[in-house]
C-alpha cells in the first residue's frame with residue numbers, strides 16, 4: 001500500500017502528496033496514520049498531489065502526517081449484522097453496542113443495475129393515510145418524494161409512513177439520516193425499538209453536526225446496505241423487498257454544494273454545484289427494483305423558501321414515481337397531514353393500474369377542490385350568498401373533502417392526545433365517493449375533521465347534534 005504526506009489542510013479539504021508512480025485513484029479511501037480519519041480522493045491535481053475530502057473532523061490534523069492508500073473505495077458492512085444497529089458513514093457502530101458482525105463488506109460506489117436486470121411493478125402499496133392512498137398512490141418498488149418547506153410536517157409524515165408500512169411490511173428497512181436533527185434520529189430508534197421491529201431495520205446517520213464529507217456519502221452508505229438485501233439471493237433464488245427511507249435528500253445536495261465550493265469548482269444556478277444533476281442521478285439510478293428484489297424508497301425533500309422551482313427539488317422531481325407536496329397554506333388551516341391534493345402526483349394514477357372506481361373518485365375529488373379554489377376569490381369579494389345553489393353545494397362538499405383529508409397520526413398521539421387511525425384504501429374510496437355523491441350534505445363540515453373512516457364522521461356529527 002502506497003503512502004503519502006499531507007501537504008495542505010483547508011477545512012474539510014486535505015491535499016496529500018504521493019510518489020508520482022503511486023497516485024491513488026479517484027474515490028479511493030486514504031487512512032491518516034495515528035487518527036481515526038478517512039479521506040476520500042476527489043481530484044488528482046498533478047505532480048503526485050491528490051485533493052481529498054475528510055470524512056470526519058479535521059481538528060488536530062497537521063502537515064507531514066502520513067496517509068496510507070487503502071487502494072479501494074470506502075467499504076461498509078452489509079448483511080444481517082447491520083440490522084438493529086446505528087452506524088455512521090463508514091459503517092462504524094455509534095450505538096455503543098459493540099462491533100458490527102458483518103459477513104461481507106461492499107464498496108459504496110457502485111454501478112446502477114443494467115436495463116435487463118431492472119423490473120417495474122404496478123402493485124400498489126397501501127399506506128393507511130387517506131390523502132396519499134387516494135390522490136397519489138405509491139407503487140411497490142417505486143420512488144416517493146415528500147416535498148415541503150420548513151416545519152410543514154415532512155418528518156412526521158415519514159415517521160407515520162414508517163409506522164404504517166415498515167411495521168406491517170415483513171421485509172427489511174434501511175433508514176438513512178442525511179444532515180437532519182440528531183434528536184429525530186434518536187426518536188426514530190426508540191420508535192422502532194418500542195414497536196419490536198428494530199431487528200428488521202438498519203440505521204445510518206450523518207447528521208447536521210457532521211462535516212460535509214459525511215453528509216455527502218451517508219446516503220450512499222445506506223443505499224449500499226439496501227442494495228445488498230435486494231441482490232443477495234436466498235435459498236429460493238430471490239432477493240428481498242426492502243424499504244429505504246432517506247431524510248433528507250436536500251441535505252445530500254447541500255453537502256455536495258459545500259464540497260464543490262471547497263474543491264474550487266465554479267458554482268452554477270443559485271450557488272449549487274455544477275454537477276448537481278449528475279450527483280442526483282448517481283444516487284437515484286441505483287434506487288431501483290430488479291428481477292430478484294425491490295427497493296421502495298421514500299425520501300423527504302426540503303424545499304428552500306417554499307420554492308419548488310429551486311434547482312435542488314426541481315432536479316429531484318424527475319426521478320420520482322409519486323410526489324407528495326406538503327403545503328403551508330393547508331397546514332395553516334390546521335389540516336394535517338398538510339398534503340396538497342392538487343399539487344401531488346403519481347404515475348400510478350391510471351384506471352388500468354388502480355381500477356376505475358378509485359380513478360373516478362380521485363378525479364371527482366380533484367374537480368370539486370379545483371372548482372372551490374376558483375370560487376375562493378369570488379367568495380372573498382362578494383361572500384357566499386352571491387353564489388348559485390350549485391356552486392354553494394360544490395363549496396360545501398369541497399370543504400368537507402378538505403377536512404376529511406385530515407387524519408390523526410399514530411406517531412403524533414403524544415402531542416394530540418387522540419389515537420392514530422389507519423384507514424384502508426377500500427374505506428377511503430367509499431368515504432370520498434359518498435361525499436362527492438352528496439350522501440353527507442346534511443352533516444356539518446366540522447364532523448369530518450380529524451377522523452378516520454366516514455363512519456367516524458357520522459358518529460362525530462351525532463355527538464355534536466346531541467350536545468347542541
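Each residue, glycine too, has its Cβ placed from N, Cα and C.
Pulled from Swiss-Prot:
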- 148, 149, 150, 151, 152, 153, 154, 155: ATP binding site (BINDING)
### Query
If you count Cβ atoms within 10 Å of each one, which of the binding-site residues 151, 153 comes out on top?
153
### Task
List the other residues in this chain whose Cβ sits within 8 Å of the Cβ centroid of the ATP site residues 148, 149, 150, 151, 152, 153, 154, 155, in sequence order.
302, 326, 331
### Task
Would you mind listing, in sequence order, the residues at least six apart from residue 152 (ATP binding site) in the same chain with a Cβ closer than 8 Å to its Cβ?
326, 327, 328, 331, 338
#### Entry: Those binding-site residues listed as 148, 149, and which of them has the most Cβ atoms within 10 Å of its own Cβ
148
### Query
For residue 154 (ATP binding site), which residues in the same chain are close in space, meaning a Cβ under 8 Å from its Cβ, but six or more apart along the sequence?
146, 147, 148, 247, 248, 300, 301, 302, 326
